[in-house]
Each structure stands twice: as structure tokens, then as C-alpha cells.
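Annotations per TrEMBL:
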TRANSMEM  A:36-57  transmembrane segment
TRANSMEM  A:69-86  transmembrane segment
TRANSMEM  A:115-140  transmembrane segment
TRANSMEM  A:184-202  transmembrane segment
TRANSMEM  A:231-252  transmembrane segment
TRANSMEM  A:264-281  transmembrane segment
TRANSMEM  A:288-305  transmembrane segment
TRANSMEM  A:311-331  transmembrane segment
Amino acid sequence: MNPITDTTPDNPLPDTKPEPAAVRRGSVIAHWWDRVGIFLVLLILIALMAALAPNFLSVDNAINVARSVSINAILAAGLTVVILTAGIDLSVGSILAVAGVGSVLLAVDGVPTPLALLGGILIGAVAGALNGAFVAWLALPAFIVTLGSMTYLRGLAYSLLDGQPLVASDLGFRGIGNGSVAGIPQPVVVMVVVYAIFWFLLERTRFGRHVYAVGGNMEAARLAGINVKRVLLSAYMLAGAAAGVAGLIFSARVLSAQPTAGQGYELDAIAAVVLGGTSLAGGRGRILGTLVGAVIIGVLSNGLILLDVPFFYQLIIKGVVIIIAIALDSLKRFSRAGT
Amino acid sequence: MSESTTPLLEVEGISKRFGATLALSDVSFDVRAGEVHALMGENGAGKSTLMKIISGNYQPDTGSIRISGSPVTMASPRDAMVVGVAIIHQELNTIPEMTVAENLATGNEPLRFGMLDRRTMVAQAREKLARVGADIDPNRPIGRLSVGMQQMVEIARAVAENATVLVLDEPTAALSRTESQQLFELIRSMRSRGMGLVYISHRMEEVWELADRVTVFRDGQLIGTRDMRASGPEQVGPGDIVKMMVGRDIDDLYVRNAHQSGEVRLTVRDLTGPGDIGPVSFDVRGGQVVGMVGLIGAGRTEVARLIYGADRRTGGAVTLDGQPLEVRNPIDGIKAGVGLLPESRKDQALFLDLSVKDNIGMSTLPDHSSAGVVRNGSLLTAVRGVMDQLKVRSNALKLESRALSGGNQQKLVLGRLLLQKPKLLILDEPTRGVDIGAKSEIYRLINEIAGTGAAVLVISSDLPEALGISDELLVMRNGRIVATLDARTADEESVMQHATGVYDDGATTNETAGTAR
């Protein structure tokens with residue numbers, strides 16, 4: 001019979017399979033778009049802004065954009081892991097607030113700066129782990145669980161401060177909000193470190209492979225011997241920890257503990273993840289895409305401000321861009337299913 | 001039946017493409033008045049696609065369909081019904097909670113003053129049933145009838161709607177012998193009334209008994225049509241048809257273990273699970289391939305999942321190499337040396353977005369990582385090795401698994417299991433939806449794995465396959481093992497009798513036939 005190669009024609013039924021050559025071409029294009037497409041969008045956007053706004057292309061402005069992007073980018077890094085497992089985390093903005101408030105309170109109480117920083121990250125990790133536990137062990141929908149925690153964590157941030165912001169102008173770790181290393185703002189340095197860690201986790205570790213597997217096909221992952229619950233718990237915990245780091249930067253930048261910190265940030269973070277090409281259906285996406293997605297949002301905001309576009313038009317443009325990004329994602333999936 | 005009369009149904013030059021796959025290639029075929037025309041071929045050979053085209057479910061890409069000489073287009077099953085083509089599907093198309101009369105009237109309910117006229121409906125049902133000689137109470141809920149009787153009702157509906165061509169897709173698959181005989185009588189009487197019948201079946205003896213002509217499909221091609229009433233040099237024998245179906249002698253397809261089976265490796269005692277599964281008891285020896293057969297829903301998959309740890313057991317004891325196999329989840333199962341190829345490749349086994357390498361390596365990552373970091377070189381070496389063994393080209397390594405054919409996708413999952421080096425390998429429908437080339441490859445692999453001394457349990461709904469590759473057959477029915485047969489001597493008929501619980505005399509066995517070791 002047929003020599004067995006990976007081009008052996010298959011049953012036409014019901015397992016319909018297109019001709020390998022055609023598929024390969026289709027999947028190469030999809031693959032290429034996954035990796036490069038979003039960079040192309042960023043380059044076009046930068047070119048556009050450079051042409052329209054005369055002061056856009058300057059080192060100062062680039063640093064400005066990077067600094068303004070850092071918090072959203074760090075939130076989005078954690079969120080990427082959760083979304084890769086086919087989950088969602090709406091509570092990252094509230095976790096940012098609680099972690100930020102907690103770390104300032106620790107610092108004000110005289111806890112050494114490194115421990116206060118660690119405390120903030122830990123608060124975030126614990127809050128995320130709680131989300132993960134509900135999602136993994138009680139099999140509750142992530143949307144509902146994190147909608148709930150978004151609310152109770154916000155409440156917690158208020159109650160820790162009796163509803164009032166707490167100014168801490170001599171905050172020990174104010175540097176990570178405002179300082180810079182060799183001309184590069186510290187928040188940007190932190191962002192780069194966070195991305196390096198998350199890239200390593202997703203691309204080089206067993207956990208990373210498991211994240212993609214769980215998001216791609218949860219039942220197959222379970223049957224393949226993956227501890228699905230532990231993977232889910234870890235994913236939400238990482239998202240919480242990243243939000244904790246973002247909370248530290250936020251507090252350091254405003255030199256205070258703010259109960260309203262990070263309100264609505266989850267939406268920008270989700271937008272960055274989706275813009276970066278990660279599928280909301282899970283199992284597909286790259287951490288560096290998310291970074292580019294966050295930068296696109298930052299460049300867009302920055303450019304619109306430089307162009308003196310009124311705030312409400314900025315919102316309209318941002319919203320439309322997000323919808324286009326999601327449409328691109330579903331188009332990609334459609335073309336893949338349709339081959 | 002004379003040659004000069006116009007066929008009831010003619011298709012000419014029909015091709016049908018799905019994506020880039022040619023499911024049917026330039027097929028021409030006809031059904032004459034007063035004949036039974038049997039269609040044979042492997043699963044996926046193109047029979048079902050052709051049936052879906054002549055019953056209006058699919059539109060052909062090229063070619064024409066003529067009914068009694070005039071061209072027609074059939075955009076929906078309704079159109080097909082209007083021109084007189086009806087199909088009785090393998091899965092029954094009845095609404096179980098409704099009565100026989102209601103089922104017969106669906107879509108055409110008699111009304112009186114805008115209200116359902118129940119009395120007329122029942123009277124019409126009686127008449128429709130009488131036309132096919134079925135003695136069934138129209139007021140019974142159809143779900144309470146046997147499969148055979150439900151099928152009669154479906155045929156009655158088709159006949160009542162003046163079908164001239166009736167397609168029967170594996171009609172005896174779930175019937176007892178007596179019911180099959182009744183069906184054959186009905187088929188003969190429809191034939192003598194001038195209807196054209198298309199009879200799809202895998203069972204050679206039925207085809208021999210009924211068919212006037214046989215057409216064989218393979219890989220989307222019509223291989224040939226033979227006149228079964230021919231005599232002399234034109235006369236056809238069963239061997240000829242089989243050869244047409246598989247393109248070679250059947251003995252070459254299946255590979256059976258040549259080695260001696262060794263010590264008992266797996267013992268299962270009184271295993272029970274949710275959904276009235278078990279108690280089930282059996283053994284599998286090292287080097288032995290044990291086939292598990294039965295109708296759909298007999299509990300085969302459930303037993304496999306209970307052994308593997310995919311579902312929670314409610315009782316019983318399982319040992320592997322003398323050690324208790326206490327598994328609470330698949331992680332435990334894999335650690336204990338059990339490998340499972342799940343029933344549904346796409347839903348339960350594959351990561352379509354991930355590469356071939358990731359798919360194969362997924363269950364053995366701990367062997368190729370240090371402190372949680374994957375050692376890529378070591379993983380690659382292992383994956384390459386297994387791909388050689390599977391004869392999958394290594395340039396496929398980085399391809400997404402969704403780009404592969406069903407057969408190659410199945411080999412990826414097998415590859416994942418091979419890397420686990422399981423002591424017990426459980427394969428649930430290992431060749432479902434794969435082409436014949438990959439099939440023979442999979443049979444070779446199964447034999448090879450058994451040759452290394454592993455215990456192999458194969459669940460299969462493909463009886464010739466189960467008979468061809470197993471050493472021993474376990475027949476399941478209603479969650480229990482009802483018979484243990486020597487696969488070398490058993491035949492399809494005896495297996496089906498055990499699987500359905502209905503024997504030649506129409507008597508059913510009592511459940512105490514029970515467990516077999």
C-alpha cells in the first residue's frame with residue numbers, strides 16, 4: 001500500500017483533512033502572522049505618528065512612552081499566562097491597588113524596604129492564588145470569580161486606608177517609580193526583568209508547555225498526565241504577583257497609597273494581551289506579543305496626546321483599535337478552521 | 001428486471017471535495033427498479049458521502065443526478081424525499097418520547113379545526129405500518145420499541161411518502177437475528193413491488209443473501225460493480241469482493257502477535273464504576289493483545305478509563321505486575337506504567353495548536369527537564385527516535401499537529417505513549433478515522449509493542465480488526481463482560497451474538513453469564 005509518510009492521504013470522512021501542502025502553506029502564513037504581524041502594526045503606527053507629530057520621534061519621548069507603558073505591560077504579562085490557559089483575570093487592577101497599599105503601609109510602619117517590596121508581591125500572589133483555587137478546584141468560571149475578587153479586593157484596599165489615600169513622600173522604594181538607571185527609568189528596567197522571567201517560564205520550562213496544553217485542550221492535558229489544577233493555580237498566582245509588582249511601581253510613582261489605584265487597568269491589560277495575538281480561547285499566543293501590544297497602546301495614547309486629540313476622541317480611537325484587534329484574532333482562527 | 005428500462009436513480013461523474021481532499025472521484029452509479037444494490041467498502045471509502053449526496057445532504061461539486069431519466073438537483077433531504085429518495089440512517093431518526101403515530105406524522109400532522117386530529121393520525125399510522133407488514137401499536141412511545149421495530153417504523157414512513165429508492169445504511173448493525181430476517185423479508189417484498197434498494201453493509205453473508213448487484217468503493221473511488229446473479233466465469237465469490245475492498249488480501253492487513261504471551265501483568269477483579277459499570281474481571285498477559293468488543297455504550301471505554309485513573313472507581317481491585325494499581329487520576333496511571341490512547345483523538349488527546357514535538361513529548365517532560373527547565377536537546381533526541389519508529393518524517397517536527405492527517409495525528413498520540421514505555425497499553429479505537437495505510441502501520445506498532453512484553457488492551461468497534469489483531473476477545477454488554485473468546489477461532493457472528501445478547505433462536509442470555517477470566 002501507500003508508503004507511510006506525513007503526506008499519506010487520509011479518510012475523507014469525518015476526519016476531513018486537507019492536502020498537506022496546502023495546509024502547510026496556510027499554516028506557514030498563519031505562523032508568520034502570529035510572530036511578525038503585530039510588530040508590523042507597531043512599525044506602521046510609529047511611522048504614522050512620526051509623520052503626523054513632529055516631536056514624536058525623540059529619545060525623551062521614547063523614554064516617556066516606555067515609562068507610561070510599564071505598569072500596563074507588567075499587568076498584561078501576568079494576564080497573558082492566565083489567558084493562555086483559556087481563563088481571564090478581571091481582578092488585576094484591584095490586586096494592584098491592594099498590593100500597592102499593603103507595601104506602602106508596611107514601609108510606613110518601618111519594615112525594611114526589600115521586605116516591603118516582597119510583601120507587596122506576596123499580597124498579589126496570594127490574591128491571585130485564591131482566584132486560581134476557586135477556578136481550579138471549584139471549577140467556577142474565571143470571569144465570575146475574578147469579577148467577585150475585583151470587587152472585594154477593591155473594598156479591601158479602601159478599608160485598609162479607611163477610605164483615604166495615605167501620602168508617603170519619603171517612601172523607601174520611591175526609586176522604582178521615579179528613578180532611573182543609566183538614563184533608563186527604573187519602571188522600564190523592572191518591566192524588562194518581568195518579561196524576561198515570564199518569557200523563560202513560558203518558553204523554556206515544563207510549566208510553560210503545560211500552560212499551553214491546558215489552554216489548548218484541557219481534557220487532553222488531564223489525560224496526558226498534566227496536573228491541570230496546579231497549572232491553573234500557578235497561572236493565576238503569577239498574574240497576581242505581576243499585578244503586585246505593578247502596584248509597587250504605581251505607589252512609588254504617586255508616593256502614596258491610593259485605594260483607587262489601577263481602577264479599570266484590567267481592560268487595558270486585556271487589550272494588550274489580545275492585541276499581542278494571544279487567543280482568548282487559550283492555548284495560543286506569545287509573551288513578547290503582549291509586550292508589543294502594550295507598547296502599541298502606549299504609542300497610540302502618546303501620539304494622540306501629542307496631536308492634541310481631545311481625551312474623549314482618544315477613548316473612541318482606542319476602543320476601535322481593540323475591536324479591530326479582536327476581529328483579527330477571530331479572522332485568524334476562522335481561516336485556520338476553514339482550510 | 002430488464003436492462004432496457006431506465007434506472008430509478010442514476011448518478012454520473014459525481015465528485016466531491018472537502019477542503020483539498022477528494023472524497024468522491026468521478027463516481028457513476030445507478031439503482032434499477034426491483035433490485036437490491038449493495039454498497040461495500042471500508043469506513044471512509046466514500047459510501048457515506050455518496051449516500052449524503054443522493055439524499056440531498058451534500059451537494060456534489062461535479063456530475064449529475066437523474067431520477068427516472070430526468071435530471072434533478074436536490075438541495076436538501078426534503079427535496080430528495082419529494083423525488084422519491086429516502087434514507088434510513090444507522091442512527092435512528094425517531095423522537096423517543098413521542099408515540100409511533102406521532103413519529104409517523106411528524107411534519108404532516110392531520111388537523112381538524114386547527115387542532116391535532118389524534119384519531120385520524122392513529123388510523124393513518126395503522127395503515128402505514130400495515131403497508132410494511134409491521135404489527136406495532138401506534139400508541140406506544142417509540143423509545144420503548146426495540147431498535148428493529150423502530151427501524152420498521154422509519155421504513156413505514158419512507159414508504160408512506162412514496163419513496164421509490166430506499167437507502168439502508170448498515171440496517172442490521174444493532175438487530176437480532178430474528179429481526180434481521182424480518183427486515184430481509186420486508187426488503188424482498190419492497191423489491192418485488194418495484195422499489196430500488198441501496199443496501200450498505202459490512203456483512204458479507206447479508207450481501208450474498210440479498211444483493212442483485214454489489215458496488216465496491218475504496219479511497220473515494222468506485223472500484224467496480226459486480227452482478228451477483230451472474231454465473232459461469234462471471235460468477236463472483238466473497239474473496240473477490242474483499243480484494244476489491246482492501247486492494248489486497250485481508251490477511252496482509254492485520255498483524256497478529258507471533259510471540260508467546262508471558263506472565264500475567266494486569267489483573268482486574270470485580271472492578272466497578274459510576275453508571276452501572278461492572279463488576280468486571282479479566283487478566284492481560286505480557287505480550288498479549290486483548291481485544292475488547294461490544295456495542296456502543298456497552299461500557300468498554302468506561303472500563304479503560306477506570307483502569308487508567310481517568311474516572312473514579314467505585315469498587316474492585318486492579319493489579320499491575322502484582323502491585324496494586326491504585327490510581328486517582330491519569331498522573332497516577334502514567335506513573336504506574338499505564339498508557340491510554342483515548343477514544344476521541346481531537347477532544348481528548350491532541351493539542352492542535354502545538355507542534356508535533358510538543359504533542360509527542362507532553363507526557364514525558366519530567367524525564368527531559370531539570371528543576372522544571374526543559375532540556376531541549378534530550379527531548380528532541382527522544383522525539384526524533386519515536387518519530388523514526390512511527391515512520392513520520394522528522395521535518396514534521398515543528399509543524400502544528402492540526403496540519404497532519406488523521407492517521408499521522410493518531411501516530412503522534414501513539415508516539416507520546418511509546419515514550420512513556422508503558423507496562424500496560426490501552427488503545428481505545430486506535431484506527432478510527434485513519435486511512436488504510438496508517439491503519440496497517442498502527443497494527444504493526446501494536447504488534448511491536450506487545451513484542452516488547454507489554455500488556456495491550458485494544459478497544460475496537462471494527463470487528464474484523466478486533467478479530468484480526470487480538471489474541472483474546474472480551475465481549476462486553478451492559479457494563480459487564482459476557483464472553484471471553486479466542487480471537488483466532490471466533491467469528492463476527494458469534495461475537496455479535498454475545499454483544500447483542502441475542503442468539504440464533506432469538507433467546508437472550510441471562511446476565512449471570514457474567515464474568516469471565
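Each residue, glycine too, has its Cβ placed from N, Cα and C.
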When you scan the chain for residues with a C-beta under 8 Å from the transmembrane segment (A:69-86), skipping those not six or more beyond its ends, what do you find?
92-93, 96, 128, 142, 185, 187-188, 190-191, 194-195, 198, 201-202, 211-212, 214-215, 218, 231-232, 235-236, 238-243, 245-246, 249-250, 262, 265-266, 268-270, 272-274, 276, 278-285, 287, 290-291, 293-295, 297-298
Against the transmembrane segment (A:36-57), which of these stretches has the most C-beta pairs under 8 Å: A:115-140, A:184-202, A:231-252, A:264-281, A:288-305?
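If we count Cβ pairs closer than 8 Å to the transmembrane segment (A:36-57), A:288-305 scores highest.
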Residue list, the transmembrane segment (A:184-202) vs rest of chain: Cβ under 8 Å, 6 or more residues beyond ends.
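Sequence-distant neighbours of the transmembrane segment (A:184-202): 63, 66-67, 69-71, 73-74, 77-78, 80-81, 84, 175-178, 208, 211-212, 238, 242, 245, 249, 253, 286-288, 291.
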Where, among A:231-252, A:264-281, A:288-305, do we find the most CB pairs under 8 A to the transmembrane segment (A:115-140)?
A:231-252
